[in-house]
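**Q** According to Swiss-Prot, the protein carries these features:
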- 1-16: signal peptide (SIGNAL)
- ASN26: N-linked glycosylation site (CARBOHYD)
- ASN27: N-linked glycosylation site (CARBOHYD)
- ASN39: N-linked glycosylation site (CARBOHYD)
- CYS71-CYS83: disulfide bond (DISULFID)
Amino acid sequence: MERVVLLLAMISLVKSDQICIGYHANNSTEQVDTIMEKNVTVTHAQDILEKTHNGKLCSLNGVKPLILRDCSVAGWLLGNPMCDEFLTVPEWSYIVEKDNPINGLCYPG
């Protein structure tokens, strides 16, 4: 009996050190677009992007924003060569992306 308990304890330790990443089954109909996929169903979503703008881009605590011009965030992060100029920016307070930037995931734009 002691061996069975010890064996079960060892199995539970082995399984508890694994992290599995995947989609959760839920009844949500909320879908979002990620960098790599479109229409991914999520359990909880909150839109945190600003929809209006007053035309001013301010520094926050003296740190300027990163204005991506014709690059998308995905193109910048995933290595579109047209976005290489932004790789050397040491810091930024927030990121500014145009609505439909020319240089996205595909190269050339």
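Note that Cβ sites are derived from N, Cα and C of the backbone, with glycine treated the same way.
Note that the coordinates shown come from a computational prediction; the quantities given were computed from them, not determined experimentally.
For the listed features, I'd like the structural context: burial, neighbours, distances.
**A** Look at ASN39 (N-linked glycosylation site): DSSP puts it in coil. Over all protein chains present, the Cβ of ASN39 (N-linked glycosylation site) has 8 other Cβ atoms lying within 10 Å.
Other Cβ atoms within 10 Å of the Cβ of CYS83 (disulfide bond) number 23 in total over all chains.
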**Q** Relative to the Cβ of CYS71 (disulfide bond), which residues of the same chain, six or more apart in sequence, are found under 8 Å away?
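**A** Within the chain, CYS71 (disulfide bond) has Cβ neighbours under 8 Å at ASN80, MET82, CYS83, PHE86, GLU97, PRO101, ILE102, ASN103, GLY104.
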**Q** So, three-state DSSP: helix, strand or coil for CYS83 (disulfide bond)?
**A** helix
